[in-house]
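Student: Below is one structure. I have some questions about it.
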Amino acid sequence: MLTRLENKTKGRIEKQICQVVLDHFEKQYTTELGDAWTRVRDVLTYPLCWQYAILLNKFSQSAELETTLPARGYHPAFPRSLPYLPASFKCYIRRAPGRFPAQKHQAGKLKEYYLLNAASLLPVLALEVKDGEDVLDLCAAPGGKSVAILQCACPGQFHCNENDDLRSTWLKQTIESFIPDPFINLIMITKMDGTQIGDLKPELYDKVLVDAPCSNDRSWLFSSDIQQATLRLIQRKKLSSLQFQLLSKSSVENSDVINLILNSCSDVMPVDISELAKTVSQEFAFLSGTQKHELLVLPEKGRAWGPMYVAKLKKI
């Protein structure tokens, strides 16, 4: 009975996969990832094995929730031996797949936690924001990384930017759900063209997080609109150019874009984040052979986090 139910569920999921996107992923990632693509594919095409992390909100602490999580199989996602891990930053995960109940947005009431892919927190930890630093989250929607930054430190100025109208609304709602007065009044939310911020506000920020638009969003695989999915695949060809513009103002994506920046900008240098990857390797799987200033999280069964590419650069 259980086997029939599992097969039925699996069949229903497979029917939801957008074949045009999967075909494109097969072609690109077989070349880029080699044998690792088979393991990644098994996770991406089977959402029942996806995992979700629980990022606690320090502005709405619940001692009861934090006590309950270990009893439900959750444990801290990041070891205390990390080079940078503020005491106020608390995230819990478990090896078993599943999703903790989500909390609905309620005006005037703060949420206690944020559900997200744990790999999306690695860029925040790599950024190492400290109190009083001026920070720009350049492509901030839906807001998870902005919320995570504020769990780590209290920036001097915190600028969250998202130029898409719908996603900007989503970002504002996220901030309202997690950040209280008077802190929320210190956050500037804009809908500017991210490629122009560097010219408009040169040398203003100590730290910049660029979650550049990318083409490996696993949700694309389950698009119900084939025409929309096809349009996305056409648009994705422009993403490397956009990523370069976003990075240069504050070939292919990820490593090639970073190498292009390093080769064309004499005032930019790579920053070693290999210790971060090494310290969290028990919970995250990484592509081998990357350079010390970058890491690529690849989902696999039991460690279904990612895909997520992280690189750290410093302006001299």
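Glycine is treated like the rest: Cβ placed from N, Cα and C.
Just so you know, TrEMBL annotations never went through curation; they're auto-generated.
I grabbed these lines from TrEMBL:
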- 44-316: domain 'SAM-dependent MTase RsmB/NOP-type' (DOMAIN)
- CYS139, ALA140, ALA141, PRO142, GLY143, GLY144, LYS145, GLU162, ASP193, ASP211: S-adenosyl-L-methionine binding site (BINDING)
- CYS265: active site, nucleophile (ACT_SITE)
Student: Taking the Cβ of LYS145 (S-adenosyl-L-methionine binding site) as the centre, how many other Cβ atoms fall within a 10 Å radius?
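Tutor: Within a 10 Å radius of the Cβ of LYS145 (S-adenosyl-L-methionine binding site) lie 21 other Cβ atoms.
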Student: Whole-number Å distance between the CA of GLY143 (S-adenosyl-L-methionine binding site) and the CA of the residue listed as 'active site, nucleophile'?
Tutor: 29
Student: Which Cβ among the recorded positions (CYS139, ALA141, CYS265) has the fewest C-beta neighbours inside 10 Å?
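Tutor: Comparing Cβ neighbours within 10 Å for the recorded positions CYS139, ALA141, CYS265, CYS265 has the fewest.
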Student: Just to be sure I understand the packing, how many Cβ atoms besides its own are within 10 Å of the Cβ of GLY143 (S-adenosyl-L-methionine binding site)?
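Tutor: There are 24 of them.
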Student: What is the interatomic distance between the Cα atoms of CYS139 (S-adenosyl-L-methionine binding site) and the residue listed as 'active site, nucleophile', given in whole Å?
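Tutor: Roughly 22 Å, rounded to the nearest whole number.
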Student: Looking only at Cβ atoms, how many others are within 10 Å of the one on ASP193 (S-adenosyl-L-methionine binding site)?
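Tutor: I count 13 other Cβ atoms within 10 Å of it.
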Student: Cα-Cα, whole number of Å: LYS145 (S-adenosyl-L-methionine binding site) versus CYS265 (active site, nucleophile)?
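Tutor: The separation of the Cα atoms works out to 27 Å.
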